[in-house]
């Protein structure tokens with residue numbers, strides 16, 4: 001009979017899951033994996049007295065510090081999708097799929113494409129141009145420049161999709177309250193809508209800007225440590241494309257943190273709340289990608305105002321008159337961000353109606369075996385649904401095509417169709433802005449089409465896309481830091497090793513071999529940069545993003561009246 005054992009001194013789950021037997025023996029675990037009769041909830045239940053732990057590390061594994069390092073720090077540093085398989089805490093819960101979960105998947109894909117866009121645009125000056133079918137000597141005949149293929153790195157279009165999704169997500173709850181049949185009186189419904197909008201207005205600034213503290217802190221540490229020095233401040237290094245500006249290196253870490261704090265207060269306070277984000281006259285020197293955050297806040301406030309004003313209107317008045325007029329008028333007059341947010345509100349209305357109609361079409365048989373009275377109508381609706389899906393699939397392809405619009409105005413002789421479309425853009429969108437106009441239209445069409453495509457929604461609900469959706473905000477906030485540090489450093493090192501740096505010598509050489517080496521290094525480093533960035537985003541999500549959400553919810557509960 002095996003004697004009882006004090007389980008408080010047992011090694012944590014890490015020693016049972018990740019450590020090889022030889023290492024585990026040294027750490028204090030018996031070499032024989034069968035020397036424990038049962039493992040439950042990550043803890044050993046019985047010791048084999050014939051094979052006691054090694055005496056040296058027996059005390060160490062029982063110590064608080066070692067157990068904390070092995071049981072808490074190491075699993076924390078692992079990506080959540082790995083550590084959650086072995087170590088589930090009370091804060092971790094299973095992710096449930098809701099009717100709007102496909103929005104999270106779409107947001108995750110869009111954010112990853114933004115990451116790809118910002119990585120490659122530093123190395124390829126031709127990335128912003130479209131494929132030139134007419135002139136072989138133009139230098140714009142790369143596979144990644146082709147229409148439809150460009151969607152893989154069309155970062156500017158993805159920002160437009162972000163704004164549509166934000167408008168959709170922020171208005172979804174209000175739309176459901178407007179349609180609610182559980183509330184008998186208009187006063188009850190109005191009170192629920194007003195309470196929801198008041199909560200949204202109160203939380204929005206904190207929700208957007210609290211996680212940014214982590215970004216400014218991260219950049220300050222990286223700059224002070226010299227991890228951005230692969231491309232010195234004020235220089236371009238060997239980069240041919242867009243070089244993002246970065247903060248100057250201060251005399252020490254404390255000075256750098258003070259500089260970051262001042263910049264953060266400036267962005268979160270005066271720039272966002274009072275002066276507005278005048279792009280591109282003002283950019284955060286700590287991360288130029290953060291220009292979208294104040295814009296998100298401004299458009300969110302406008303959206304809440306629109307929802308408040310239209311909440312007492314009849315649905316057909318909102319959906320068929322006011323919202324379409326707002327969307328078109330704001331877009332044609334240059335207020336594209338406002339147009340995208342309000343279009344998200346319109347899509348929330350349409351999506352709610354589509355879901356309700358789909359439930360009616362799929363009505364079950366009656367208990368006696370016959371069909372419900374709406375069965376014949378449902379059969380007709382199924383035919384209409386198929387037609388809608390065909391039209392929606394065509395619209396999806398058109399939306400993807402417009403999202404592939406190049407950043408730079410296409411050549412007049414281009415045969416991709418972009419040249420003609422550029423001429424049709426409103427006067428407010430002259431030059432490069434014409435490209436942006438069609439990107440915004442493409443984002444609207446793309447999201448609109450997916451509302452009617454359940455098959456695409458199911459794909460967007462796959463685990464990998466849902467995971468990217470959960471960490472999307474964190475990925476957006478950290479990818480610039482990894483690109484400017486790890487990415488630039490490894491690429492410059494690879495160019496020196498392969499000799500591609502001769503392309504930038506005082507007497508540069510023309511060599512197709514060196515150019516291929518230059519490109520190969522960029523893509524090879526990308527394969528390293530991706531997992532590192534995702535890993536950092538996962539940690540950032542757990543350290544700054546999720547705690548910010550919980551804190552704002554807790555603070556509102558403490559301050560709001562019952």
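Just so you know, glycine gets a Cβ as well, placed from its N, Cα and C.
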_Matching range for TrEMBL feature annotation, transmembrane segment, among 65-84, 85-104, 125-144_ = 65-84
*Quick one: which of 24-42, 43-61, 157-175, 176-194 does TrEMBL have down as transmembrane segment?*
157-175
*Could you tell me whether the transmembrane segment (519-544) and the transmembrane segment (208-228) are in contact, taking contact to mean 3+ Cβ pairs under 8 Å with a sequence separation of 6 or more?*
yes
*Leading stretch by Cβ pairs under 8 Å, where the reference is the transmembrane segment (390-408) and the options are 105-124, 157-175, 319-348, 445-465, 519-544*: 445-465
